[in-house]
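Per TrEMBL, the features are:
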- A:15-527: domain 'Cytochrome oxidase subunit I profile' (DOMAIN)
- A:36-57: transmembrane segment (TRANSMEM)
- A:77-98: transmembrane segment (TRANSMEM)
- A:119-139: transmembrane segment (TRANSMEM)
- A:159-186: transmembrane segment (TRANSMEM)
- A:198-225: transmembrane segment (TRANSMEM)
- A:245-269: transmembrane segment (TRANSMEM)
- A:281-305: transmembrane segment (TRANSMEM)
- A:317-339: transmembrane segment (TRANSMEM)
- A:351-375: transmembrane segment (TRANSMEM)
- A:387-411: transmembrane segment (TRANSMEM)
- A:423-444: transmembrane segment (TRANSMEM)
- A:464-487: transmembrane segment (TRANSMEM)
Amino acid sequence: MATHAADAHHDDHDHKPQGFWDRWVFTTNHKDIGTLYLVFAFIMFCIGGAMSGVIRAELAQPGLQFVQPYFFNQMTTVHALVMIFGGVMPAFVGLANWMVPLMIGAPDMALPRMNNWSFWIMPFAFTVLLLTLFLPGGAPAGGWTLYPPLSLQGGSSVAFAIFAIHMMGISSIMGAINIIATILNMRAPGMDLLRMPLFVWTWLITAFLLIAVMPVLAGAVTMLLTDKFFGTSFFNAAGGGDPVMFQHIFWFFGHPEVYIMILPAFGIVSEIIPTFSRKPLFGYQAMVYATASIAFLSFIVWAHHMFTVGMPLGGELFFMYATMMIAVPTGVKVFNWVSTMWKGSMTFETPMLWAIAFVILFTIGGFSGLMLAMVPADFQYHDTYFVVAHFHYVLVTGALFSIIAAVYFWWPKWTGKMYSEKWGKFHFWWSTFFVNVLFFPQHFLGLAGMPRRIPDYNVAFADWNLVSSIGAFGMLASPIIMFAVLWHSKKHGAPATTQVWEGAHGLEWTVPSPAPHHTFTEPPVIRASMLAHGDVTH
Amino acid sequence: MALMVMAMKSLRNTRKSLHKMGRAVAAASLTLSAGMAMAAGTLPDRWQLNMHPGVTETARNAYHIHMLMLWICVVIGIIVFGAMAYAMFKFRKSKGAVAAQFSHNTVAELIWTIIPIVILIVCAWPATKILVHTADTSNPELTIKVTGYQWKWRYEYVDYQGKATGINFMSKLDGDSDRTRQLKSGLDPHAVKVGEEQTYLLNVDKPLVLPTNAKVRFVITADDVIHAWWVPALGWKVDAIPGIINDAWTLIEQPGTYRGQCAELCGQDHGFMPIVVEAKPKAEFEQWLAGQQAANAAQNAPAAAQAPVAAPQG
Ligand code: HEM
Ligand SMILES: [Cu+2]
Ligand SMILES: [Cu+2]
């Protein structure tokens with residue numbers, strides 16, 4: 001097409017394909033695909049955020065003011081699916097696409113065409129999922145956990161949602177294969193495994209988790225599908241099946257899934273904190289081993305989501321002990337971040353602020369997680385707002401905050417432009433204030449006895465719910481502020497230097513800003529001083 | 001250090017030290033609720049901050065484990081966040097801090113691996129004991145079968161002191177709440193009251209009546225989708241699952257009205273299937289039971305007399 005003619009000019013020193021289709025639709029370039037993923041994730045965060053706005057609007061006061069309970073249930077279900085599979089996961093994949101090749105000195109991902117396909121499946125998957133909102137019976141309304149028999153009561157939306165989940169699964173698995181192949185095969189000479197940046201390490205481990213559990217989810221939802229439409233009874237007690245078996249299978253996927261959403265965050269924070277502390281990461285190897293042991297443990301704790309299904313005593317005890325054990329490697333990570341800051345020479349640019357908030361607020365989410373592990377207390381906490389508070393602390397102030405930190409951190413490398421520190425910090429303080437107003441009171445609501453997934457409540461719960469909703473509306477402005485800051489930077493930002501941050505080390509900071517369309521077409525010669533973690537000998 | 005002392009104490013005498021901590025906490029905590037003192041408080045409080053200790057041993061145990069974990073987390077949080085805050089103020093570039101270049105400290109790393117392990121073992125110990133105790137549903141005086149339906153509960157008094165009772169009824173959201181909760185009903189949820197109590201969405205047409213100071217065993221199942229039976233004051237929730245029968249028990253120590261809700265998403269009216277337990281002293285309970293049986297009999301008697309005409313089902 002016309003674009004090929006344009007290509008022939010070679011007037012762009014980057015050799016970027018010209019024209020929208022060649023540049024974005026047929027792209028095999030890891031940077032452009034990374035950008036696509038990040039833009040997609042941003043749109044999904046906005047859609048999922050709008051749905052949480054509906055939920056919090058309804059919950060602002062007792063009584064039903066805006067939506068029918070059934071629609072409310074659709075909102076919670078789709079909000080979660082969109083945030084998890086459309087927001088957090090693609091955002092991390094986008095960051096991996098952009099940064100992994102740059103961090104290990106590779107020219108691109110190992111499987112660039114598959115990379116293109118992994119991305120372009122996603123918009124279709126989410127179009128299918130979101131269109132179920134307009135079906136006669138509405139979208140899935142049985143919660144993102146899709147527990148049967150309830151999830152099978154919906155109309156045809158079940159089939160569409162399952163199809164969408166299959167597509168997302170295929171995309172994730174291909175993305176994971178690509179990341180593993182890239183990391184294991186494409187490292188520049190001298191980039192030994194134990195010299196890789198932690199972001200690369202955490203993604204390597206995450207990719208293995210993805211390959212291990214996405215097929216399990218696919219199996220679980222396929223059984224739902226055949227139960228609903230083809231007369232099987234895997235989960236139908238009347239036909240000899242077992243509804244609890246679904247929960248076991250789902251959480252065998254689901255618990256590793258929550259680590260899929262947090263391990264890359266650990267990696268990001270482990271890059272940012274040393275940079276702005278101007279000091280090497282404390283306990284690099286311990287961080288790697290802690291990540292690996294968290295990943296291993298994540299496979300043997302699934303039933304802590306099911307303490308109330310009536311497991312035998314031995315099962316409850318096993319899953320309680322195993323879950324408590326996760327606190328140890330997680331603690332190691334937190335202590336190592338604090339030790340990295342200790343005796344550093346710290347500055348507090350925007351990415352550092354988000355990273356510090358991550359450490360504090362994720363730890364708070366970890367504390368409530370540890371409390372939830374205690375079975376006698378979980379008999380009270382389970383399925384209340386205490387759980388909602390817990391997982392939003394780890395997902396929003398954990399995963400999402402790390403993603404925002406990463407965007408501010410690498411933005412100058414991507415675009416060659418600095419953003420406004422003043423407005424970046426404003427964005428940070430705004431979000432951190434409102435996110436706590438939003439989620440902290442939910443602990444109180446849960447402890448006072450408010451169940452989750454309800455559209456209306458007793459008047460005693462009204463006060464904290466109003467506070468929480470005020471926080472939510474503040475938080476809804478957060479993506480808008482971020483968009484404005486980045487837009488302004490793109491248009492008017494000061495040019496960024498190659499190293500960008502004074503304390504930055506690592507290969508990604510040796511290429512110009514903005515990173516040219518093709519980097520490391522020849523493998524770089526690596527000196528220990530270039531690496532963030534070059535020195536692991538003692 | 002204080003933490004370790006606390007921990008050792010609770011190892012030596014779990015329950016006693018747990019109680020002691022519970023009391024210390026009650027005094028120190030920010031709880032605005034008066035509900036703590038009058039444990040029979042039937043509704044959540046406005047601005048309530050913390051779990052209530054409830055009216056059963058199980059609920060108190062849950063509360064103590066909760067407080068134990070909470071305080072451990074608070075102490076660790078103070079240490080970790082304190083260290084962070086100190087670092088952030090002390091080691092700033094703007095204050096001329098020069099970065100050290102260390103990246104290891106084996107002793108420190110060993111300490112902060114081992115101490116958490118010890119703390120966790122200390123927590124696991126009482127939790128295990130409590131759990132073993134909670135799992136024992138043997139020797140009940142009364143057995144209740146609970147069945148969840150979309151969106152109401154059925155209670156069957158299977159047997160009391162070894163005798164079948166024949167009592168069996170449905171329990172669902174009360175009419176006042178039901179009218180008020182309709183979308184844009186224009187009715188004020190605050191106006192839904194039983195006496196002085198604002199019972200919006202936490203009241204039923206017919207409560208489950210239980211005796212106090214008697215071990216009651218529940219067998220719990222569901223007819224359609226999964227529900228969960230939860231009354232916070234009793235201290236546990238258990239899923240009601242079609243095709244599966246779960247069991248649990250309680251021993252209520254104080255008469256009162258205890259309110260809870262379904263705690264597992266069960267469809268559109270999941271938020272509208274409350275649970276009310278009315279705990280009465282044994283004598284009163286037996287009176288109530290006899291009354292119900294008499295009413296049943298009265299209902300069945302004419303039916304038996306005119307059997308050929310119509311036989312209303314119980
Ligand atoms: C401003 C941001 C957000 C707000 C205001 C918000 C609000 C909410 C609310 C009100 C619920 C419903 C709770 C219930 O009724 O039980 C909910 C559920 C949920 N949210 Fe969020 N949320 C936000 C961001 C996120 C993010 C970023 C994620 C994940 C990455 C997430 C994951 C979930 C999940 C997994 C559920 C559970 C859904 C279910 O019960 O099936 N949320 N959120
Ligand atoms: Cu889990
Ligand atoms: Cu329910």
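Using N, Cα and C of the backbone, Cβ positions are placed for all residues, glycine too.
If you look at the transmembrane segment (A:281-305) against the transmembrane segment (A:198-225), you find at least three C-beta pairs under 8 angstroms, all six or more positions apart, and that counts as contact. For the transmembrane segment (A:159-186), same-chain residues at least 6 beyond its ends with a Cβ under 8 Å from one of its own Cβ atoms are 81, 85, 89, 93, 96, 100-101, 104, 106-107, 109-111, 114-115, 117-119, 121-122, 124-126, 128-129, 131-132, 135, 139-140, 146, 196, 200, 203-204, 206-208, 210-211, 214-215, 217-218, 221-222, 224-225, 228-229.
Distant neighbours of the transmembrane segment (A:77-98): 30-31, 33-38, 40-42, 44-45, 47-48, 51-52, 55, 109, 115, 118, 122, 125-126, 129-130, 132-133, 139-144, 161, 165, 168, 172, 175, 179, 199, 203, 206, 257, 260-261, 264-265, 268, 395, 399-400, 403, 406, 410, 414; these residues of the same chain sit at least 6 beyond its ends, with a Cβ under 8 Å from one of its Cβ atoms. Same-chain residues lying 6 or more positions outside the transmembrane segment (A:198-225) and placing a CB less than 8 Å from one of its CB atoms are 92, 95-96, 99-100, 103-104, 146, 148, 151-152, 158-159, 162, 165-166, 169, 172-173, 175-177, 179-180, 183-184, 232, 234-235, 246, 249-250, 252-254, 256-257, 259-260, 263-264, 266-268, 270-271, 281, 284, 287-288, 291-292, 295, 298-299, 533. Across all of the domain 'Cytochrome oxidase subunit I profile' (A:15-527), the predicted model scores a mean pLDDT of 96. Remote same-chain partners of the transmembrane segment (A:351-375), defined as residues 6 or more beyond its termini with a Cβ less than 8 Å from a stretch Cβ, comprise 262, 265, 268-269, 272-273, 275-276, 304, 307, 316-317, 320, 323-324, 327, 330, 334, 337-338, 381-382, 386-387, 389-394, 397-398, 401-402, 404-406, 408-409, 425, 428, 432, 435-436, 443.
Contact check: the transmembrane segment (A:119-139) against the transmembrane segment (A:245-269) gives fewer than three Cβ pairs closer than 8 Å, residues 6 or more apart, which falls short of the contact criterion.
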